Amino acid sequence: MERGPVVGAGRGAGARIRALLGGLVRVLLWVASALLYFGSEQAARLLGSPCLRRLYHAWLAAVVIFGPLLQFHVNPRTIFASHGNFFNIKFVNSAWGWTCTFLGGFVLLVVFLATRRVAVTARHLSRLVVGAAVWRGAGRAFLLIEDLTGSCFEPLPQGLLLHELPDRRSCLAAGHQWRGYTVSSHTFLLTFCCLLMAEEAAVFAKYLAHGLPAGAPLRLVFLLNVLLLGLWNFLLLCTVIYFHQYTHKVVGAAVGTFAWYLTYGSWYHQPWSPGSPGHGLFPRPHSIHKHN
């Protein structure tokens, strides 16, 4: 007979704890939603500013040109100075894969939610196919430059012995070293990805301004792209500080910028191209007035 009140009190306490935890979860979800909304709005406003995008180009140029000077003021034994560090292996070496995955999801959601048309969505996604072709083509061109400008050397205790082997493949097969002009493919790829992601993400400001559907999944994907863009900037700075020769880095960044200009700055504005980011997604002002 005495157990009844005890059991009832235990059940009441458990119910109060569950209610308290449920309320706490709802508060945390509300805070997370508010932060997601606020963060995506502010990031979209920053990336959508034409003035800030021009300053961003100047920032990338300053990083590549003046960043190597920081090597005299940083610890050469830091983890980022090692070719085998986690970020270099997992992110830099697969930079295009990360960029294509994150940015592909963002472009897919933005274009399809704005137009509901598969053909238009596929056209905008084809910019990533062009980007992959640019990446592969540039990599092959860099190897060709290294082959044409290089010579074969055998490392000896006294120094290097020059060999007459005609090409890189036969030189490496013989266990020797091939030394030529090596354009920094990492600097090229990170520069190209930074410019490409900034250009694509800038569309989100106009997307929000037109009142198009922007739920939590889309905002989260957008912020993930912003975080990846920030990571690419940081890893580009680490690359120019710790790795490669100065001219190799500058040439790599220059080629990446030129590739961006040929595509986003020129070709994508033509009617026979994949189209520039945001092209055909939003109604023009005069068409809105005519409809009204």
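For all residues, glycine too, the Cβ spot is worked out from N, Cα and C.
Note that the structure is a prediction, hence the values are computed from the model and not measured.
Summarising the annotation, Swiss-Prot assigns topological domain 'Lumenal' to 1-18 (among others).
According to Swiss-Prot, the transmembrane segment annotation covers 19-39 (among others), on the basis of sequence analysis.
Here Swiss-Prot flags 40-54 (among others) as topological domain 'Cytoplasmic', drawing on a curator's inference. Broken down by DSSP into helix, strand and coil, the topological domain 'Cytoplasmic' (40-54) contains 13 helix, 0 strand, 2 coil.
Panel annotation: around the transmembrane segment (55-75), residues 81, 187, 191, 194-195, 198, 233, 236-237, 240-242, 246, 249-250, 253, 257 of the same chain, lying at least six beyond its termini, place a Cβ under 8 Å from a Cβ of the stretch. Per Swiss-Prot, transmembrane segment is recorded for 55-75 (among others).
Sequence annotations record features per position, and here Swiss-Prot assigns topological domain 'Lumenal' to 76-94 (among others) based on a curator's inference. Over the topological domain 'Lumenal' (76-94) the predicted model carries a mean pLDDT of 78.
Annotation source Swiss-Prot lists transmembrane segment at 95-115 (among others), citing sequence analysis. Distant neighbours of the transmembrane segment (95-115): 121, 124-125, 127-128, 131-132, 135, 186, 189-190, 193, 196-197, 200-201, 203-204, 207, 210, 212-213, 217-218, 221-222, 224-225, 228, 232, 235, 277, 280-282; these residues of the same chain sit at least 6 beyond its ends, with a Cβ under 8 Å from one of its Cβ atoms.
Sequence annotations record features per position, and here Swiss-Prot assigns topological domain 'Cytoplasmic' to 116-141 (among others) based on a curator's inference.
The transmembrane segment annotation in Swiss-Prot covers 142-162 (among others) and is backed by sequence analysis.
Under the heading topological domain 'Lumenal', Swiss-Prot lists 163-187 (among others), citing a curator's inference as support. Within the topological domain 'Lumenal' (163-187), the DSSP-based counts of helix, strand and coil residues read 9 helix, 4 strand, 12 coil.
Over all protein chains present, the Cβ of H186 (active site) has 21 other Cβ atoms lying within 10 Å. Residues or ranges marked as active site in Swiss-Prot: H186 (among others).
Feature annotation from Swiss-Prot assigns transmembrane segment to 188-208 (among others).
Marked as topological domain 'Cytoplasmic' by Swiss-Prot: 209-220 (among others).
What Swiss-Prot records for 221-241 (among others) is transmembrane segment, and it gives sequence analysis as the kind of evidence.
Look at Swiss-Prot and you will find 242-249 (among others) tagged as topological domain 'Lumenal'.
In the three-state DSSP assignment, the secondary structure recorded for H244 (active site) is coil. Feature annotation from Swiss-Prot assigns active site to H244 (among others); the stated evidence is sequence analysis.
What Swiss-Prot lists as site 'Important for catalytic activity' is H248. The number of other CB atoms found within 10 A of the CB of H248 (site 'Important for catalytic activity'), across every protein chain shown, is 19.
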*Within 10 Å of the Cβ of H244 (active site), how many other Cβ atoms can you find? Include all protein chains, please.*
19
*H186 (active site) to H248 (site 'Important for catalytic activity'): how many Å between their Cα atoms?*
10
*Apart from its near flanks, which chain residues at least 6 from the ends of the transmembrane segment (250-270) lie with a Cβ under 8 angstroms of it?*
57, 60-61, 64-65, 127, 130-131, 134, 138, 183-192, 195-196, 199, 244, 276-277, 279
*What counts of helix, strand and coil residues does DSSP assign across the topological domain 'Cytoplasmic' (209-220)?*
6 helix, 0 strand, 6 coil
